[in-house]
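**Student:** The structure that follows is given in the form of structure tokens.
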Amino acid sequence: MRQRNKPWAKDKLNEYPQYVIASPQEHKGKWDTVFDQKQPLHIEIGTGKGRFITGMAKANPHINYIGIELAESVIVTALDRIIEEEIPNVKLMNVNANDLEEFFAKGDVDRVYLNFSDPWPKSRHAKRRLTYKSFLQIYENILVDQGEIHFKTDNQGLFEYSLTSFSEYGMLLTYVSLDLHKSDYEGNIMTEYEEKFSNKGSRIYRCEVRYQ
Ligand code: SAM
């Protein structure tokens, strides 16, 4: 995602502790207390400008959501959406996915979403892909037993790599679409990247996988 320099972004994130979780390590093992309602928790990693996570939160008020994003200059746009729409069941975390085990205990999270993750096409950068085996281990360590990852991308190479990575890790593939927008899948909420790439004619790949 293109990042413009926004020197004010960090201050703005700090101004809204009701939406941006300032010290996530303090909530490890007790995320229920952070939200108004005690209900399942789904997280999106690499949430970008927040179109997906806010759309999901509005469509599914019986689920709590956290959008996780490394770049403060990007996540600040997601914050604007939440402020404007006063969505109670979504919060944000400006952290790196590498550190998720510091913030979530085993079983804290019910589902992980990965949407249009950076493809890192060079094989020497494979370890940076959010579907690399070390990330799958991190997600397993914070998810409920038999927790799920839902993944979509326009990048065929990343999709094929990820299917192999999930399979080699021993995960079960429960849904796959090689052309989401032409499939019968209902209730798709588009991300910013999804809209951009599908408008250019790109095909969108989507899968759901489960730990066993
Ligand atoms: N999901 C959004 C969408 O579909 O519009 C954004 C996609 S963008 C290509 C990938 C995003 O993932 C970027 O905003 C990037 O900063 C974020 N990201 C990449 N690696 C990350 C990590 N290790 N932890 C948290 N966010 C990460």
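Along the chain as shown, the residues are counted starting at 1.
From the backbone N, Cα and C atoms, a Cβ is placed for every residue, glycine too.
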**Student:** According to TrEMBL, K122, T191, E192, Y193, E194 bind substrate; which of D80, D99, D145, D154 is also listed for that site?
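**Tutor:** Answer per TrEMBL: D154.
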**Student:** Which of these, E15, E69, E72, E148, does TrEMBL say binds S-adenosyl-L-methionine at the same site as E44, N96, D118?
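**Tutor:** Within the candidate list, TrEMBL flags E69.
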**Student:** Record lists E44, E69, N96, D118 as binding S-adenosyl-L-methionine; longest Cα-Cα distance in Å?
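**Tutor:** Largest Cα to Cα distance for the S-adenosyl-L-methionine-binding set is 14 Å.
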**Student:** For the recorded S-adenosyl-L-methionine site, whose residues are E44, E69, N96, D118, find every other residue on that chain with a C-beta no more than 8 angstroms from the centre of their C-beta atoms, and list them by sequence position.
**Tutor:** I45, G46, T47, G48, I68, L70, A71, A97, S117, L130
**Student:** Relative to the Cβ position of D118 (S-adenosyl-L-methionine binding site), how many further Cβ atoms are located within 10 Å?
**Tutor:** 14
